[in-house]
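Among the features that TrEMBL reports, transmembrane segment is placed at 26-44, 50-70, 82-101, 116-134, 170-193. The annotation domain 'GGDEF' is assigned in TrEMBL to 241-369.
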Amino acid sequence: MDPAPGNHLQAVKIELNRLETYRRRTYLGVLALTVAIMMLSWAFREQGDPFITIAYPVFSVILTILGFAFWRRSLQLRTMEITLVAVVGTMILSRLAWHFAVGDPLGEHLLLLTGGHYWAVGIMIVGGFIALGFRGGMVTGVATLLFSGALTTQEVSQCFLAAGDHCQNWVYLLRIHLFLTVLLVLTSAGTLLRERSWSAFARAETLHHWANTDPLCGLANRRGADRFLSAEAAQADRYQRPLTIILIDIDEFKSINDDYGHEVGDAVIREFAAILSKTVREVDLAARWGGDEFLVATPGVDLRSARHAAQRCRRAIERAPIAGVSVTATVGIAEYLPGQGIEDAISRADAMLYRAKAAGRNRVITEACELA
């Protein structure tokens, strides 16, 4: 079931925090795997390859330090992503440049180039979009592809100058770069679609929040409360579980506005709502029902338990001044009767509220008994 309307953005924030935790764990896993691959390559390296002999241990140490800082949360997520892409990209592209500089890329080492280094370039392109999003991924991907293409063009040009028509293997490198270009286009399109979908989702959640939330106090408004109450009434009908409606009215609120001004009155509404939010459970609904009247719905709570909870809330309001003003509250409570409709329960709670006001205010009254 959806959270109470007033808690909707809070639920979104919780999901975003979970997503950040998942991304952090994913990056730590990628770091650990990358270091493991480099160490295996170093352990089983061919003789005479100074790049693996020297550079791989250096990059492994850098990535290990980076992973430790990330694990300790010494780095912000965005800083970590940029640093990770920069370090891994430098390693992959420097290895590619080294291969072109000292190897025979169009000869006996062509298989190593096409089967190893260019796959790493492809991973770099995809990883840039995953870590940095569409814009950052495009910058990283295009720069990586241009760097790789420049190295390849230089090597092919030298091959043609030296061997002429005998330089045949260039076609394989052309196909690889066409593949990398297609990979860049597809990954960028997928990333853009994902970001726009997320943006639409975020806008929808924001609109949902403000359509169902009171702008003054941040609790659910009447529209949001109606949706919650309808859903909970259906659950109460289906599973025969209790549902209690609590109506709370700020005593003499008009006098507060008249004596202290509307700014103080608004502050009283806000602080009153804050106290109410701290009193109810996460599964409960706290709503501004209208003006100085608030509604609390407590699924799974019977009349007796709701009465004691309301009494604790009333006493908390009475004990401490709100916005510098002594404030009391009057409470009426009724239990939802399955099959009778939620409007019936609200009407009966409203009747109890008026009985409490007539009895002198600053008290809790239910259909069963009265607590002063």
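Even glycines carry a Cβ here, placed using N, Cα and C.
Because TrEMBL annotations are produced automatically, they should be read as predictions rather than curated entries.
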Residues from the same chain, set at least six apart from the ends of the transmembrane segment (116-134), whose C-beta lies under 8 A from its own: 27, 30, 81-82, 84-85, 88-89, 92-93, 95-96, 99, 140-141, 144-145, 148, 176, 179-180, 183-184, 187-188, 190-192, 195
DSSP tally for the domain 'GGDEF' (241-369), helix/strand/coil in that order, comes to 60 helix, 33 strand, 36 coil
Whole-number mean pLDDT, the domain 'GGDEF' (241-369), equals 92
Counting only residues 6+ away from its ends, which parts of the chain sit with a Cβ under 8 Å from the transmembrane segment (50-70)? 24, 27-28, 31-32, 34-35, 38-39, 41-42, 80, 83-84, 87-88, 91, 94-95, 98
